[in-house]
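Structure, as structure tokens:
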Amino acid sequence: MKILVDENMPYARDLFSRLGEVTAVPGRPIPVAQLADADALMVRSVTKVNESLLAGKPIKFVGTATAGTDHVDEAWLKQAGIGFSAAPGCNAIAVVEYVFSSLLMLAERDGFSLYDRTVGIVGVGNVGRRLQARLEALGIKTLLCDPPRADRGDEGDFRSLDELVQRADILTFHTPLFKDGPYKTLHLADEKLIRSLKPGAILINACRGAVVDNTALLTCLNEGQKLSVVLDVWEGEPELNVELLKKVDIGTSHIAGYTLEGKARGTTQVFEAYSKFIGHEQHVALDTLLPAPEFGRITLHGPLDQPTLKRLVHLVYDVRRDDAPLRKVAGIPGEFDKLRKNYLERREWSSLYVICDDASAASLLCKLGFNAVHHPAR
């Protein structure tokens, strides 16, 4: 049994070798010749999986180690009788922590308190729900918009997108990309929406590039609209609008979900799905794969305020480390993908063990996802 795996899927070679012969390949462009005798294909979002790639090939199963699936033609796979699995929620924590790192940086730079801001969350799936929970743990007001979930009657106080635009100081997008249909998200943030944002608002896109109309956004910024922008995703990736990058406050190379934990979850989820598909079901404990974190433990004295939270968050991950490299190479062919391929190891907040002498600080840090314990000062 031959299994092709994306060379940037951590732990894939070790895990899938339990099931068959493993060959690691680049995801973009994928070497088509390797598909001629392969039984399974494991990809990331950079690989377009469709009829033109797989027609006439012996592939029986496709797994994507990503939460999003807009790069996969699921309807064709089903029609062709090819098994499929994604990894929903695998990188949700990573994306939430990317958003926090960005907001805390902007808050420090511009001198505002997040506690005084209202955050509008568009898309309340795995990422949006976790972001809401962490913001509300801090006492930060949130507004939710998710028409599909609202129409299904899912639990939640859902508001219209127009209301979020009018009321939110921070608007962050966490939707799939739907190019048509009743819940179309292509250019959901169009020129009209962008121009309607509150003066001084923060716009964040860490889902799919085309959810925000990049041309319209650049037009508004060039005209002097007072707006802070965080973009991790871009229309036309791996190409991007270099002039837009120059205008945004934070720009990164589609790496919001790139924690070691998130990548490992993606790999293990598709591994478990494929093992079940072939009748040799196996399960993997994530902590048996991960290395020891760079910082073993830290001691925190006193309560948790915004500056202290910012220092803790940036000790684990400061978004600026990913902004600067993209600006250096933007517009050079191939460099966007190189940044992703050679991404520096990044951990999640749970990797940091925090000893607190303040019980409320320990409790709050746990709610935020840190590995925190309370030890009273002696």
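Each Cβ is built from the backbone N, Cα and C atoms, and glycine gets one as well.
Under the heading active site, Swiss-Prot lists Arg208 (among others), citing sequence analysis as support. The Cβ of Arg208 (active site) has 25 neighbouring Cβ atoms from other residues within 10 Å, across all protein chains displayed. A coil conformation is recorded for Arg208 (active site) in the three-state DSSP classification, outside any helix or strand.
Annotated active site per Swiss-Prot: Glu237 (among others), in sequence order, evidence recorded as sequence analysis. Taking the Cβ of Glu237 (active site) as centre and 10 Å as the limit, one finds 18 other Cβ atoms among all the protein chains shown.
For His254, the entry in Swiss-Prot reads active site, proton donor. Counted within 10 Å of its Cβ, the other Cβ atoms near His254 (active site, proton donor) come to 23, all protein chains included.
In three-state terms derived from DSSP, Thr66 (substrate binding site) belongs to neither a helical nor a strand segment and is classed as coil. Taking the Cβ of Thr66 (substrate binding site) as centre and 10 Å as the limit, one finds 26 other Cβ atoms among all the protein chains shown. As annotated by Swiss-Prot, substrate binding site applies to Ser45, Thr66, Tyr258.
Taken from Swiss-Prot, the feature NAD(+) binding site applies to Asp146, Thr175, Asp232, Gly257. When Cβ atoms from all protein chains are considered, those within 10 Å of Asp146 (NAD(+) binding site) total 23, not counting its own.
Among the residues the record lists as binding NAD(+), namely Asp146, Thr175, Asp232, Gly257, the two farthest apart have Cα atoms separated by 21 Å.
Residues Ser45, Thr66, Tyr258, recorded as binding substrate, reach a greatest CA to CA spacing of 12 Å. Here the Cα atom of Thr175 (NAD(+) binding site) is found 8 Å from that of Arg208 (active site). Here Gly257 (NAD(+) binding site) is positioned 9 angstrom away from Thr66 (substrate binding site), judged by their C-alpha atoms.
Taking the mean position of the Cβ atoms of Ser45, Thr66, Tyr258 as the substrate site, the remaining residues of that chain whose Cβ falls within 8 Å of it are Arg44, Val46, Ala65, Ala67, Gly68, Asn91, His254, Gly257, Lys263, Gly266.
Here the Cα atom of Gly257 (NAD(+) binding site) is found 11 Å from that of Ser45 (substrate binding site). Asp146 (NAD(+) binding site) is 25 Å away from Tyr258 (substrate binding site) when you measure Cα to Cα.
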